[in-house]
Amino acid sequence: MCNDPCKEDYRGIYPWSEPETRAIKELVTDIGPKIALYISVHNYLQGIMFPWGYTGHPPDDVNDLMSLASEAQTAVREKYGTKYRVGQIPTIDRLTPGCSVDWAKAEANIRFCYSFELPGPTYKFQVPPPHLLKIAEEFFEALKVFAEAVKQNKI
């Protein structure tokens, strides 16, 4: 995380200092135990990642997190053949202290928390418009897997 407010990974002056992060915290805190699943959507690493981001040590329920993420990965691949990586955050990205999925799991007690990184490694944050529908359709396939897991009380 960065101290430079002009950088994409600026962490803020202090925890929850930015209005966007405060809004998420307030919403999640208000809804509380009703939340079965937390997904933070980003781009461009093309992966389905789970806590912990602040350390390389996996959470106790790593096998459950990996299993559901792998189901979502398969659904995405079956749509158009796009391969997403699946794993703990530092295995796909880097150590990310202060990420929302860590907070949601540790502090909001949401068991299943994921950071879903949409495709775009070639384009980074500037994905050409012709690719957006395909990416949205693939993401929707993953969301259906997550929703079905909630519906079936698997999570």
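Glycine too: its Cβ is placed from the backbone N, Cα and C atoms.
As recorded in TrEMBL:
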DOMAIN    1-150  domain 'Peptidase M14'
ACT_SITE  E117  active site, proton donor/acceptor
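Averaged over the domain 'Peptidase M14' (1-150), the predicted model has a pLDDT of 92. Around the Cβ of the residue listed as 'active site, proton donor/acceptor', 22 further Cβ atoms fall within 10 Å across all displayed protein chains.
According to DSSP, the domain 'Peptidase M14' (1-150) comprises 68 helix, 24 strand, 58 coil.
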